[in-house]
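Working notes for the structure below.
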C-alpha cells in the first residue's frame, strides 16, 4: 500500500515530482496492458492518482468559497450557465426523481444550526438540512459580498486548464495581498497557482477518470494526511475542522464538474477517509449513486467548460482497463458520515445518458420516491432513509429559487405558489453587519464539525439572538423558551416542498437582530402555540411546484418569521411500538440526531500506526532477548536462530530505510532536469520531455522492430515455400505412381469379382434348375443336375435318404407278407402274388405304387343305407380298401368335420358285404363320442350287429357272454375298458382294430399303447385322427409305429433324418439347411408318409362350406388382476387378508398355472373373492374384476339379440362355474358340458341346443371333454376363453361348429390377456401349427393334389417361417372395432352401435362416470396396496406351508382324462354316489374280485403285493445292495475332481424352470431315489435301475447335447452299468442275503431265550395274521 504520510516510498508526502513520476509509471504500465484486477501495483498507483485528483478539486472549490463573488466581467457566462443548468441537464426527469439536493453535512439555509441533543453533531448528519425548503443560505456569496475581498478568478478545473488558471489565481492572490497578506485565502490561491504552473505539463496527460466519486477504494488504506509536506512543493490540506460529508453541490448537474457550474455558496472542503474513499453511510446511500470505481472529475482530452458538452460526452466505463481506478471496489460500509446523493435521469432522449450511465444493477438500493415515505419522514428525514428522488418539472423550476418575503403573512403563505423566477441581478457587497454574521456562522459551522460538536454561547447569541441549552431548549432568560414546536402523532398526506432547492439567489433578510431564519417544516408537524405557528411558511403542493398545470407567480416569503427552536428528535419515536408494527417502514427510520457520535478515521489510522510501531518494537525486543548468548534456549535449532536473526536485522533497518527514502525524495526534484551541472549549456532552457515524444520514440522503435521481424519472417517463408514446392513435386510424382498401381489392382480385383459373380450365377442357375426338377418330381433330371454341381453335401444327403427309402420299401414288403391275407376274392390279388419276388421293374416303381400295388374300384355298399356317400368319402373308402388289399395299415387324417366316422362305417359294411369279412371289428373311441358312434351305426348300418361295451360291472357281465359267443360284428368300447377288461378283450383275435382320436396313443410309453401293442392281436389297424401331428415328429412316428411296426421300427433314425429341417423353428440344436436341402428332406418325408397317411381339408373337398374367420382379441387386466399377477410373478404367491387385519401370505404351486388362473378370473381364488366382495352380492364385480368378462359383457348381448348361437370353450371348470353365476345374474339360459356330465345327458344337451326352436343361445363346454366328436353346427360363433397348450385341441373345439352341414360363416373369437403368459402360450401353439403345416398339410396326402400345388403351399410356409404374429394379433378393441369384428351384415353393425349408445347412456360405469368399467387399483382394499418385502415373504412362507396345507379348501378337481371304469360304473349305477377322485396317479388294484383271472393278472397281483410279503432279511439285503449302488453314483467325480451329482440332487426349481415340468412328465432326482431306498420302495434291483435311467433320460431330453448336465448323465449311466456288472460278478446280493439271514436267525435265538421274561402285554402279534411281528425294548427293535 502507498501511504502518503509515513510511507516508506514517500516519507515527506506527495510532491508534484512524485506525482509526475507516478503518472509516468502509470502510463508505462497501462501501455503494457496492466489492469487493476491483475496488477496490484498498478491498482495502488491508480488509487493514489485518483486521490490527488480529488484533493486538487477540493482545494479549488475551497478557494472559490473563500472568495466573495466572481468579477462581473469574467463570470457573467458562468452565472448564465448556472441558471440554465437544470433545464439543460435535467429537464426531462420523470416525476418523483431526485434533482438538486443539498448535501448532508452543511447547512442549507440561513437559519441557525440547532444543537444536537444526542451527540451535538446535528449539523453533520441531520437530514433536516437536506430537506430545507427555500431558506436563504448564509454561505450565499452573491448576497454576502465583501468589498475588501477581490473577486475570485474564473477557473474551469485545476487540471484541465493551462497557464490561464494559474495566472488568474496569481492576480487574485496579488489583490488579496494588497488588502491583507495574512488572509489565508491569499496563501491558498498562491499555492494553487504555483502548483498549477509547475504541473501544467500534466495538463492533458492526467489519467482519465469518471465524474463520480468512488464508493469505496479498497486498494488505498491511507489516502490523505492532515497536511502535505510544505505549502510550496506539496499539496496541503487546510487545517480546518473535519467534515465527514463531501461538499459537492449536486443541485447543479452532477455530471458536469466545471468550476463555473458550481455555486459559490458550496463549501468544497472534502475530508478523505483513511481508506482513501469518500465515507459512505450504507443507511443513507442512494440508488442514484454512481457505480463503484468512479471519480469526481474527468480531466481528459476534449473536456469543455460547459455542462451540456460534458453531459453529452462519452465517459469511460468502469470496466475500462485504461482507467486508473478500481472498477471492482465495493461500498465502504464501515466508513462514517454522509453520502453523495447524485440525481440519475431516467429520460435518456435529452441527455443521451446511455453514453455515461452504467447499469442500475451496481446501485446498492432502489430509488426512493418522496411520496413513498411516511409523513413524518417528509419533514425530518433520518439517515436511514434514501435520498428522495426528484421530479423533472421540479428541477426545471428549481433554477429560479423563490425568496423569503420580508413581511410574512399566514394567510398569504397558504396561497403562495412556487413560481420560477427570472434571472436575479448581482446584489451589492456585504456590509459589516452581514460580514460579522457570516463569520459567526462560519465559526458555528466549524464548531459543529469539530469532535466536540458544541457551538459557544457567544456565537449562538450572535447568530440566533439567544442561547440554547443541551436539551435543545431555549435558555430560561429568553422569552420564548416554552414555545418549542412539537411533532404531532397525526399523519397527513399533505405534500411537502422539495428539499433540494437552490438557495444561491434568495434575498438577504436585514434588520433581524433577535430572530433567526429557520427552515420551513412540513405542515404535518403542528406546534402547540398557534401564535408561534403563524409565521411558518406553508408548504406548496407538489403539482404546483412542478409547473405542469400553469406557470405560477414568484413566491413571496415573509420577512419577519419567529422561529423558536428545532424539534426534539425524540418526538419522532412512538412509544410504545406494538410488536406487529415493529418491522413497518415508519418504525424502521433512523434518526441521526439520536445516533452515537461518528468515528474519526484519522484517530483510527493514528491508533493503527501506533499499534504497528508498538508491535515492531515488541518484536525487536523479543528477538534481541532471544538471541542473547545467556538466554539462548538449547532446544532451539540452528535454523530457527538464523531465521530470528534475519528477522531482527530486517526490523532494525526500518529507520535507515525511512532516512534513505527521505534523502532520495529530497534529491529527486533536483535531478528531474535533463541538463547536467558541468555542461556548457546548463543554464539554457532545455527542451521539456513530453510523453508524446516518448511515445513517438517508442512507436518508431516498435515499428523498426516489427519491420525487421517481418523481413525475417518473409525470408523464412520464402525458404519454406521453396521446400514445400519441392515436396509437392515429389508427392505428385509418387501419387501418380500409386494411382497407376491402384488402378492395376482394381482391374485385377474387378476381373476376379466378375469371374466370381459369373460362377455364382452359374451355381444359382444350377440350384434353381435342381429345385425346379425337385418340385416337378423329376428325379432323373435332379440327379443329373446334382452330378454336374458336385455338391457333396446334398449328394450324401440324397444317398442317405435313398437308402432309408429302400429300407422302407423292403420293410413294406415284409409288412405285407407278414399280415395274414384272409379272403381277398374279387378284384383283389391273392397271397401268391404278394409273395412274388420284386423284379427290376418293381424296383424302379414309385414308392407309393409299391405300397399300393393292388388297386380296386369301390362303390357304396348296399347295407350302407343311411344316405349316399360323397366323392371324397368314396375316395377315403377306396384308400382304406387299398390298404386292406395290400396288407398295410394306415392313418385316416381327414380334417375334423369331413365324416371320418361315416367313412369308417362304410368301410366295415364294404368288408362285410363285398369281402365277406364278418369281423370281429374292434372300434376304440373316447367316452364322449361313444354315443355318437352308436347313433351313426344305427343310422347308416342298422343291419350290422354291434355291442357297446360300457356301463357298470353287472351290465358288462351280461355283455361278456355275448362276446364269448362271438355273436357280433363290431365291438364299440372306450380306452379305459381296453385297459380295465384286457383279460377278456385281449383273448379275441380281431380282424380290424380301429382307433378313433388316435392321437391318444402318441406316447409309445403310455399304458394304453403298451397294452394294445402287447396284449391285443389284430390283422389290420387303422387310426382315425384329425390332428396326426400335434407337437413334434416323434409323436407322428408313434402313430406310424403303432400301425406299421415293421416299417417304422426306429424312432432315432426317423427323427435324425426328418427332424433336421424343423430344428431352427424353436428347437435347441440349430443346423443350418438351405432351401434346397430342407425341401429335399421334407419331400422325402412326404414320400415316406404318403402311402400310409390320407388327409383332406374341408376347404379342398367342400367348396361350398362357409369360411371360418378367427380373430385374436387382447383383453386388458383389471386393477385386481394386475396386482395379483405382479405378486405371483415376483414372489410366487398371493397376499390375502389375515384374520386380524394383517396381510397374510398364501403360497401356491405351479406358477404358470396360477398365472393362467389370474388371467381368466381372480375370483377363482376364494380368499380374493371374499376380500373384494365379502357379502357376495355385488354382481357387477363378476365382470368388472376380469378383462375377459368385461369384454363378454359387451359382446354377448349383441350376439343373443341377433340370434347367433355361441359355443364357449374353457380349460378350467371353475371358470365355467363363475361364468354360470354371471349368466344367471343376466337371466340368460345356458347349457354346460364338462367331464362330470353323464354320457346319457350329453345326447339330450346336444339335442336341446341343436333344436331350432330352442331359446338357449350359449353352450359352455370344456375343451377336453366337449371338443371331440360333438356335432353342434347350429352355432355360428365359437369363443375360445383360454388357449390350450395343444393348438389342435382348440381346432377340434372350433370344428364342433365348422363342419359339414354348416350354412353360416363361423366366427372364432380367441380371448388373450394382454402382456401375460397367455401370449407365450399362443405363440407356442402357433409354432406347433406351423410344424403341422409343413409336415402334414404340405404333403397333401389326398392322392389327387398335384406336385405343383403341394410345392406352392410348402413354399409359402417356408417364406413365412420367421413370422410370429401372422394375421391374428389385434390390440385392445374399442366398441366400434368390436362391432365390426362380430357383425356379419351392415344392419347388425348399425344395431350394435345403437346398443352401445344405449348402454353408455344408462350404464353407471365407463369413461366420464364415477367408476370405470374395469376394476381399478384405487378400489381395492388397502392390504392389496402394501408392498411386502421379498425377504419377509421368503421367511414366512415356510411357516405358512403347514397351516395352509391344513386349511386349504377342497376344490373340484379338473380332470382332462376320461372317466375310469369304476367311475363309469358308479355313474351308471343310480343307487351309488360319485365320489370325487383324488389327485395324482390312480392306485393300481388287483383283479382278485374279477371272475376272469389270467396268469398274467395273477403274476401282476403277486408282484405288486409281494413287497410286503418279502422276508425281512431279503429286504435288508436289497436295501444294502441298492444303497451301495447309490453311494457309488453319489460319490462319482469327473476327471477334474468335480462331483457330478450337483445338478441331480433335487429337481429344478419350478419358478426358474417352468418349462421343465411341461417337457418332463416324471421328474426324479437322487434325493427321491435315496428316500425310496430307505423306505423299501424297491422290490428288486430293476426298479432302482429304472428310476436311474428315468433320471438320465430326463437330462438327455431337456438339456442340449455336449452340455455339462448331458455329459454328467452319460458318465453316471456308464458308471451305473459298471457297478451293476461288478456286483453281479461278485454275486453281492446273494452274499448280503446270507449275512442278513444269519443275523435274523441269531436274533430269533435271542428272542426265544428271552421270551419267558417278556410280559403278557408286550405287544406280540400272532403270526397267523401274516403280519410283522415286532419286539421292542429299550435298546433295539427287531422286525420280521
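Every residue, even glycine, has its Cβ placed from backbone N, Cα and C.
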Query: Which stretch, out of 274-300, 301-327, 328-354, 436-462, is listed as region 'Disordered' by Swiss-Prot?
result: 274-300
Swiss-Prot annotation of region 'Disordered' - which of the ranges 203-258, 539-594 it falls on: 203-258
Message: For the feature region 'Disordered' as recorded in Swiss-Prot, pick the matching range from 817-836, 837-856, 857-876, 877-896.
response: 817-836
- prompt: 10 Å Cβ neighbour count around residue 894 (ATP binding site)?
  reply: 23
Check: same-chain CB within 8 A of ATP site center, minus 894, 895, 896, 897, 898, 899, 900, 901: 1026, 1098, 1299, 1300
- prompt: Does the domain 'HSA' (704-776) come near the domain 'Helicase C-terminal' (1191-1354), with 3+ Cβ pairs under 8 Å (pairs 6 or more apart)?
  reply: yes
- prompt: Does anything in the same chain, at least 6 positions from residue 897 (ATP binding site), have a Cβ under 8 Å from its Cβ, and if so what?
  reply: 1098, 1295, 1298, 1299, 1300
Query: Just counting, how many other CB atoms are there within 10 A of the CB of residue 895 (ATP binding site)?
result: 21
Field: Local confidence of the prediction over the domain 'HSA' (704-776), expressed as mean pLDDT
entry: 90
Message: Just to be sure I understand, if DSSP states are collapsed into helix, strand and coil, how many residues of the domain 'QLQ' (429-465) fall in each?
response: 26 helix, 2 strand, 9 coil
- prompt: Taking every protein chain shown into account, which of the binding-site residues 896, 898 has the largest tally of Cβ atoms within 10 Å of its Cβ?
  reply: 898
Message: Let me check the 10 A CB neighbour count of residue 900 (ATP binding site). How many other CB atoms are there?
response: 21
Task: Tell me whether residue 900 (ATP binding site) sits in a helix, a strand or coil according to DSSP.
output: helix
